[in-house]
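S.K.: Please see the structure below; I have some questions.
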C-alpha cells in the first residue's frame with residue numbers, strides 16, 4: 001500500500017477520464033464518463049460545465065474503485081484538457097453564468113470577422129501567434145459578456161472569473177482557492193502575448209475584456225495548489241501538472257528536441273512541431289503557440305489544426321452507416337481494388353490549417369460506375385493522410401527544417417493501412433508510440449516531475465518506446481500524382497462553396 005502513483009485527468013470534448021500511472025509510465029487504472037453535447041443552433045457547440053465537473057468526480061472515484069488504489073497514494077495530479085473551450089462563472093457561488101462554449105463552436109464568427117474587417121489580423125498574429133478565428137477563447141468571452149445580462153458590469157467589478165477547462169477544474173478541485181492556468185492553455189486564448197508572457201493589455205482593451213476575469217499564468221510543471229479534502233476522498237494531493245491536450249501529447253511523445261513533430265489522430269488531427277526556445281511566426285497560416293514550460297524555460301511550438309480526422313470515420317459509421325466500427329475501415333481499405341482515384345474532402349465544418357476556410361463544405365471527386373463501398377471508405381481514410389501532408393509541407397516551408405520522422409498517436413493511429421499510406425504520402429518514417437495514451441501520459445510526466453516522482457526528462461526518455469515504425473514504399477511519381485489530385489480536389493471544393501455564396 002506504500003506504492004505511489006500519478007493521476008492524470010484527461011478532459012476531452014466528448015468524455016473525461018481519470019488515469020492512474022505507475023513509475024514505469026504504465027496505466028494501472030482508468031475511469032471514463034461521457035457527457036452531453038449541446039447544439040442550441042446550427043454551428044453552435046456547448047457543454048454544461050457542471051456536468052463536466054461531475055464527470056470528473058465520477059471518473060476519479062471509478063479509477064480508485066477499479067484498482068483498489070487509495071487517494072493518499074497519489075503523489076500528484078496532472079490536468080490536460082480540450083483547449084479554447086470557455087467558461088465564465090460567479091466567483092462567490094461557483095455557478096457558471098452560461099454554458100461552456102466549445103472550441104468547435106462557430107457562434108462567435110461575427111466577432112472574429114469584425115476584428116478582421118477592422119484590420120487587426122497582423123497585430124493579433126504578431127502578439128499571440130494565432131490567426132483571428134472563432135476557434136479561440138477571446139471571441140467566446142466577448143460573446144458571453146455581450147449576451148448574459150449584467151455580465152460586463154459584473155466582470156468589471158471582479159465578481160466573475162474566466163477559465164478554460166484546466167482552470168475550471170483546478171478551481172473546483174481546490175475548493176475555489178486557486179484561479180490559475182498554464183502557458184500552453186493561455187497561448188490558445190488569443191489574449192496572451194507569447195513574447196512578454198503576459199495577458200496583452202492592448203487586445204484586452206480592444207475587446208473590452210476586464211483583466212480581473214483572467215487567471216494567473218504559470219508553467220506546466222509546478223505545484224498550483226492542493227485538492228480540497230472533501231473533493232478528493234479525504235486527501236489533500238498536489239495539483240502539479242497542467243497542459244492543453246495537444247501540448248500534453250507532444251510532451252507525452254517526448255518530442256523534446258527542436259524540429260520533432262507529432263500528430264494526434266483524434267476527432268481532428270493536430271500536428272505540432274517543437275521549435276525550441278524561440279517562436280516561429282508562420283507566414284502560411286499555421287499557429288505559433290507555447291509547447292511547454294519547465295523550470296522557467298519556455299519551449300515554443302508550431303501547430304496545424306485539422307478539424308475533421310477521426311470524426312470522418314465516425315461519419316462513415318453513424319451517418320452513412322457503411323461501416324459498423326472505425327477499425328473496420330482498415331479491412332475495407334485493404335480490400336479496395338481501385339487505383340486511389342477517389343478523393344473525399346471532409347470539410348464538414350470548413351477547412352482548418354493551412355486553408356482556414358470556414359465556408360468550405362465536404363465533397364467527393366472521382367466517382368465512377370465501378371466505385372465500390374470499399375473504395376469510398378479507403379478514400380475517406382486517405383483524407384486523414386492528405387490533410388496531414390498539407391500541414392507538414394507548410395511546416396517545412398515555415399521553418400526550413402526537413403522533417404525526417406512523424407510521431408503519431410490517437411485512436412486512428414492503430415490503423416496500419418492509414419500509417420503506411422501516411423508514410424508513403426510524406427516520404428517519411430512514421431513512428432507509432434508504444435504507449436498510445438500520450439495525452440494523459442504527457443501531463444502525468446509534467447505532474448510527476450514537479451513532485452519528484454520522476455527525477456528529470458532523461459529518466460522519462462528511458463520509458464519511451466516505439467510501437468511500430470512504417471517506412472515509405474511508394475514511388476515518387478505515384479506519390480506526387482496522388483497528392484496533386486488531392487490539391488485539385490481541395491481547390492474545387494473551395495471554389496464550389498464560394499461560387500454558391502457569390503450567386504446568393
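Backbone N, Cα and C define each Cβ position, glycine as well.
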S.K.: Swiss-Prot records 13, 14, 15, 310, 314, 411 as ATP-binding residues. Which of 267, 368, 371, 372 is assigned to the same site?
M.R.: 267
S.K.: 83, 84, 245, 246 bind glycerol according to Swiss-Prot; which of 135, 183, 292 goes with them?
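M.R.: Among 135, 183, 292, only 135 appears alongside 83, 84, 245, 246 as glycerol-binding in Swiss-Prot.
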S.K.: Need this for a regression test: binding-site residues 83, 84, 135, 246, 314, filtered to those with Cα within 10 Å of residue 13 (ADP binding site). What's left?
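M.R.: Matched binding-site residues: 83, sequence order.
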S.K.: What kind of secondary structure is residue 411 (ADP binding site) part of, going by DSSP in three states?
M.R.: helix
S.K.: When neighbour density is defined as the number of other C-beta atoms within 10 angstroms of a residue's C-beta, which of the binding-site residues 14, 15, 246 has the lowest density?
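M.R.: Lowest Cβ count within 10 Å among the binding-site residues (14, 15, 246) is 14.
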S.K.: Using the Cβ centroid of 13, 83, 84, 135, 245 as the reference point for the sn-glycerol 3-phosphate site, which residues of the same chain not in that list have Cβ within 8 Å?
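M.R.: Near the sn-glycerol 3-phosphate site, beyond 13, 83, 84, 135, 245, sit 81, 82, 85, 102, 103, 104, 188, 244, 246.
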S.K.: What other residues of this chain sit with their CB within 8 A of the center of the CB atoms of 83, 84, 135, 245, 246, the recorded glycerol site?
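M.R.: Going along the sequence, the neighbours come out as 82, 85, 103, 188, 244, 270, 305.
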S.K.: I need the least crowded one of these recorded positions (17, 83, 231), counting other C-beta atoms within 10 angstroms of each C-beta.
M.R.: 231
S.K.: Could you round the CA separation between residue 314 (ATP binding site) and residue 267 (ADP binding site) to a whole angstrom and send it over?
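M.R.: Each residue's Cα considered, residue 314 (ATP binding site) and residue 267 (ADP binding site) end up 9 Å apart.
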